[in-house]
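**Q** Questions regarding the structure given below will be posed in turn.
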Amino acid sequence: MSSEVPASLSHAPGTRGARILRGRGGCHPRPPATAPRFEQLEAADVGQVFKIRLGHTGEGFGPSWFVDTVWLRHPAVREADLTPEEEARRKKEKDKLRQLLKKERLKAKLQRKKKKKKGSDEEDEGDEEEESSSEESSSSSSEEETEEEEEEEEFGPGMREVIEEYKFDAHRWLARGKEDNELVVELVPAGREGPEPNTYEVQVITGSEPKAGTDANVFLTIYGEEYGDTGERPLKKSDKSNKFEQGQTDTFTIYAIDLGPLTKIRIRHDNSGNRPGWFLDRIDIIDMNNEITYYFPCQRWLAVEEDDGQLSRELLPVDESYVLPPSEDEEVGGDDNNPLDHLALEQKDKSTTFSVTIKTGDKKNAGTDANVFITLFGTQDDTGMTLLKSSKTNSDKFERDSIEIFTVETLDLGDLWKVRIGHDNTGKAPGWFVDWVEVDAPSLGRCMTFPCGRWLAKNEDDGAIVRDLFHADLQTRLYTPFVPYEITLYTSDVFAAGTDANIFIIIYGCDAVCTQQKYLCTNKREQKLFFERKSASRFIMELEDVGEIIEKIRIGHDNTGMNPGWHCSHVDIRRLLPDKDGTETLTFPCDRWLATSEDDKKTIRELVPYDIFTEKYMKDGSLRQVYKEVEEPLDIVLYSVQIFTGNVPGAGTDAKVYITVYGDLGDTGERYLGKSENRTNKFERGTLLPSSLPPDLKPIFSITKDVQADTFIIEAADLGVIYKIKLRHDNTKWCADWYVEKVEIWNDTNEDEFLFLCGRWLSLKKEDGRLERLFYEKVRERQPGGLVQPWPVLLIPGVAQWNPGCQRCNGPGLCTSGQEYTGDRSSNCSSPADFWEITLSSKMADIDIATVTGPMADYVQEGPGESSRELIRGGAGTWMRFGCSWTGHVLNPHHHLTYI
């Protein structure tokens with residue numbers, strides 16, 4: 001034969017991996033009486049060997065191989081086994097040594113008695129003789145002990161090195177077309193106690209999804225509790241002529257050593273053939289020796305273009321009640337839910353999802369066209385060889401200076417300590433320079449970096465195309481572990497309720513702790529498959545842990561697809577209890593449209609929980625179910641947002657503007673300001689005078705600051721005290737530059753008002769070239785009762801007057817004579833040189849109204865406060881106080897310029 005021969009040694013509870021055996025001078029056919037001599041294998045000590053796995057690749061001109069006998073010899077340290085003669089001799093030597101020691105003790109005792117009778121001089125002479133005699137006796141005894149213990153020094157007392165020999169009888173063919181067509185066989189040592197051979201009948205059930213079948217080569221590994229695994233076996237010979245077709249069950253037979261109770265299986269394919277994508281429903285394995293059937297549900301894709309792009313899955317066994325239909329005698333529930341749906345969250349918690357990031361070096365010809373694979377090694381298990389086919393970042397993978405991100409999901413590996421990365425050296429340019437590999441495990445809260453900085457190429461470096469990498473401790477990043485959430489979204493039963501858009505969700509806990517915005521669908525196909533009318537779409541996600549209490553969620557979509565509008569009935573979020581002895585399900589009612597053509601034309605909704613359903617397993621094994629309503633949920637509030645565009649050249653913008661409002665209870669998320677409540681053309685430069693104003697009002701407006709106010713309504717859960725906003729635009733359209741004067745936010749529920757002084761450009765061409773800015777609320781004085789104390793106000797004409805309320809200027813800034821402020825103008829309140837400014841200053845408390853002359857004299861009078869001045873309108877008409885603002889009675893309070 002001319003194939004490569006892989007072999008592996010096994011000991012309880014696992015294997016030590018396969019090794020390629022290469023005979024000296026080749027492993028070709030020889031006369032029957034001759035056995036090929038293989039090179040020695042170096043590996044960690046596996047202890048007592050209970051089985052070996054022997055096979056070949058089936059390649060070459062003559063791959064068929066008849067195996068007769070396999071001999072295995074290896075050195076081992078064992079407890080010394082002595083013959084009766086050796087035991088008698090050792091006993092005699094020990095008795096002789098014991099008598100010699102007894103004589104020495106008696107001699108030393110006599111010497112001590114003589115010392116007492118003799119004088120000091122004689123005692124000194126006796127001491128010298130005693131010391132010399134004792135030294136001679138001790139040296140002789142120590143020499144005897146040393147000779148006896150020389151052999152035991154290396155391996156320990158009573159231990160010695162022996163050569164253990166195992167014989168494995170095969171007497172069978174490993175060849176296609178002969179016997180059972182198998183290329184791999186497991187053998188147990190002859191004449192020793194150990195596991196018995198077993199037969200496993202494997203039934204692979206392909207799902208009924210469209211294009212669920214595959215033409216790829218499929219491989220299976222079965223894991224047991226007692227005796228390791230079967231190794232990866234190709235599923236070649238099915239009872240069907242065309243394997244793995246849609247809705248079909250294929251049966252295979254695997255011969256192996258009895259593994260004990262089965263714990264998991266690993267199923268994968270090599271992505272070959274015309275249609276490699278495969279939707280696997282489940283795998284049933286029958287233990288023929290023990291007559292036990294194990295059920296391994298999957299119900300997921302193994303495909304590059306579907307689901308998470310993985311070609312390999314590890315599956316856990318479940319009870320038959322979850323997969324088999326109920327009998328006629330059993331009561332059938334009224335719902336159509338799949339029983340496996342209730343296991344998805346628990347199984348996700350038992351698995352670990354790794355995000356693998358690979359950086360290709362920035363060197364000439366650093367990229368590769370070969371098929372790349374990776375293996376993650378933990379202290380308890382490894383992932384096996386995993387093909388990296390579906391990158392989340394690039395369609396053309398592993399190009400020079402590129403970064404690729406892949407998903408690898410597996411069961412518990414223990415502590416990750418090594419990765420093995422390599423390729424098959426195929427393609428036009430297989431050589432590859434790997435900079436580093438990063439493995440992030442959100443459920444473990446650990447991100448580890450594995451430096452490489454070497455070539456994987458036959459013609460570079462040392463010629464290796466596979467390398468083992470070890471993590472750098474100093475580059476390991478620790479964070480709070482993620483937890484699994486089961487998110488179920490229910491689409492209403494109304495006309496056109498379904499959507500093709502991509503839905504996202506954010507979950508909020510207490511103290512504004514929240515998850516990242518997470519899109520639920522991974523590709524266009526899922527967007528079309530889920531969120532149909534009168535349907536429930538279920539997703540399992542690993543997200544940040546928001547704590548014990550979920551206060552609200554935010555759902556929305558990107559408004560893409562043929563029919564983006566969506567009518568959501570409600571949302572359920574299910575998660576494990578802290579002790580993982582049960583689950584809790586929170587229900588968030590919605591029953592509204594998320595559409596630009598329906599309802600209030602919003603595509604984002606914030607929802608608060610209504611009730612909580614808890615299921616907990618008690619110590620006696622019973623299931624306790626508790627239903628309760630949420631106490632004091634957050635209120636849904638309408639916020640009126642007024643944005644004032646400044647009156648400077650080019651101040652208006654045609655770009656898309658977004659705002660995020662932050663409070664001590666959370667934030668609104670980024671909201672697109674699409675429809676202004678009071679203007680059709682948004683964010684235009686401030687106009688001088690509205691043409692519809694009565695003549696008697698023009699004197700008042702002619703001395704006020706010229707700004708453009710646009711009003712928007714934002715619906716959100718109560719934010720509490722608002723302290724910050726973030727404004728940005730996308731810099732699109734012809735006139736994108738934007739000068740923002742200020743922003744006012746009004747809570748329609750409790751009438752709280754928040755002022756944010758801006759006075760900055762959002763432009764790539766002006767100031768510091770930023771398109772996004774943060775602004776903080778202007779701090780206002782409050783009376784002991786909680787009411788805002790009105791500042792004194794005065795309108796003073798000027799050419800470059802400074803806003804005294806600016807927090808960064810930190811000063812009143814403008815004297816009563818109207819002189820220009822000459823301080824720092826780098827704050828949010830930078831002002832142009834061609835407007836009138838309202839001065840807010842406590843210094844005005846000392847102003848004598850009688851001294852005010854000129855056109856302003858008619859607009860200043862005593863206010864109700866002891867130290868305040870209030871602007872009034874002279875002549876016809878009156879001005880009225882609105883809250884803590886001054887408002888013209890002829891205008892809507894939310895649609896006019898208000899100064900506080």
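Using the three backbone atoms N, Cα and C, a Cβ is placed for every residue, glycine included.
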**Q** According to TrEMBL, which listed range is region 'Disordered': 1-35, 351-385, 386-420?
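**A** In TrEMBL, residues 1-35 carry the label region 'Disordered'.
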**Q** With DSSP, how much of the domain 'PLAT' (198-316) is helix, how much strand and how much coil, in residues?
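**A** Residue counts for the domain 'PLAT' (198-316) by secondary structure: 0 helix, 61 strand, 58 coil.
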**Q** Run through the domain 'PLAT' (352-470) and tell me, per DSSP, how many residues are helix, strand and coil.
**A** 0 helix, 62 strand, 57 coil
**Q** What is the average pLDDT across the domain 'PLAT' (198-316)?
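**A** Summing pLDDT over the domain 'PLAT' (198-316) and dividing by its length gives 92.
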